[in-house]
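Per TrEMBL, these features apply:
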- CYS29, CYS212, HIS237, GLU241: Zn(2+) binding site (BINDING)
- 31-41: motif ''HIGH' region' (MOTIF)
- 268-272: motif ''KMSKS' region' (MOTIF)
- LYS271: ATP binding site (BINDING)
- 344-405: domain 'Cysteinyl-tRNA synthetase class Ia DALR' (DOMAIN)
Amino acid sequence: MSLRFYDTRARTVRDFTPLNEGCVSLYLCGATVQAPPHIGHIRSGVNFDILRRWLTHKGYSVTFCRNVTDIDDKIINVAKAEDVAWWAVSERNQRAFTRAYDILGCLPPTVEPRATGHVPEMVALMRRLIERGHAYAAGDGSGDVYFDVRSFPDYGVLSNQRIDQMRGAADTDGDRDKRDPRDFALWKGARPGEPSWETPWGPGRPGWHLECSAMATRYLGAAFDIHGGGLDLVFPHHENEMAQSNAAGDDFARYWLHNGLLTMGGEKMSKSLGNSLLIPEMVRRVRPVELRYYLGQAHYRSVIDYSEEALREAAAAYQRIEGFLTRTVEVAGPVEPADRVPAEFASALDDDLGVSQGLAVVHGHVREGNSALAEGGKERAAELAAQLRAMLDVLGVDPLSAQWSGGEATGLRDVVDALVSVALEQRQAARARKDYAAADEIRDRLGAAGIMVEDTPRGPRWELKRD
Ligand SMILES: [Zn+2]
């Protein structure tokens, strides 16, 4: 099967052909950095990281641009409430987002532009729109610049709406001097005490939609392959991006991909609910790789309704995969990832990134591998483990990868392993002389230090305790 994706604009699955052979350009709407991320924000990062890894596995050279919206009404409001500079709020939360992406193993983007670093590109885009009759400066001297939605017949095509049925753009205080209430602000005239940049139409700051059009074309060109984001961005954000860029004469995105939302009790996450699901909180409940597995396992277009129980189940499923790989390495020695993933896994991912079908292949391999181990077939187990590692690498959850096996901490783990071995030998010696009280005390003291000992037919094994 050839690679295909559900394209929001076409409202159907389309075969994917990149603009330039062998290369894929991908733009993803990143964070508006007014608060630290909860798992709802990061789901999109995980979904598109899997897409990028799959494209890379297929041999494409991927240019991945994910922006940061570092100026916005919400950021300004937080700064006012805390009595700090707006840029201090942006910086702090951008760092929190970067940490969260890193913790969950999302590969860094090729480029991560910030809106405030691209004002000249935005001014140039507004000038083109005004010259072509698709935008106008407000006549009230406010410094606002609006997009004229009636001037662009395709307005509404992405979100499948007719202009007359749309609500007005709620991006200014009232309708100011708009020709139509649905005209949206490309640029917002300066208000007292707020940050502003100079333009030919007066000082002000960028509207959110204009930022993404300017940054996407700055790094990926006037036409590029895939534009991604959460389903809640289709309207107005992406509709407006598309309208601005197409009206200015740019082909812009060729495929529009949207991930489903993460809800709680069936409702979109509010700030108060979201606080308990901040990334640092979540990785106290499960390991980061288990959280990633949880967020990535469902189809990217489906809704995830968060529950603690589903999170635990995902962690347990991941531990079954991990357990098989650990046991295989114990009996068969180190296993390298296979060069290619199994054909069944490949066709699942080619079909609009069918990760859940792909995971069925993963778990099939784990079951077959466990049977092979039970029957002493360590070569077969090692072969399955190699294929498994290749598939898990695409999903970004290979337990034996540098990211998840401890990487730089491996050296320290060897030291701990040597120390624990000394204690375990003493425990074996105590058992041999039937001094069970001494043997139990050694186990308890290791437990108090956070080391869990499990007795297996091949001798004791240890691992770090998780709370
Ligand atoms: Zn955007």
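Placement of Cβ uses the backbone N, Cα and C atoms for every residue, glycine included.
All features noted in TrEMBL, drawn onto the structure.
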residue: CYS29; record: Zn(2+) binding site; CB count, 10 Å: 23
residue: CYS212; record: Zn(2+) binding site; CB count, 10 Å: 29
residue: HIS237; record: Zn(2+) binding site; CB count, 10 Å: 18
residue: GLU241; record: Zn(2+) binding site; CB count, 10 Å: 27
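In the three-state DSSP classification, CYS29 (Zn(2+) binding site) falls within coil.
The average pLDDT the prediction assigns to the motif ''KMSKS' region' (268-272) is 73.
Using DSSP to sort the residues of the domain 'Cysteinyl-tRNA synthetase class Ia DALR' (344-405) gives these counts of helix, strand and coil: 45 helix, 1 strand, 16 coil. Other than the site residues CYS29, CYS212, HIS237, GLU241, same-chain residues with C-beta atoms no more than 8 angstroms from the centre of those residues' C-beta atoms, the Zn(2+) site, are TRP208, HIS209, GLU211, SER213, HIS227, GLY229, LEU233, HIS238, ASN240.
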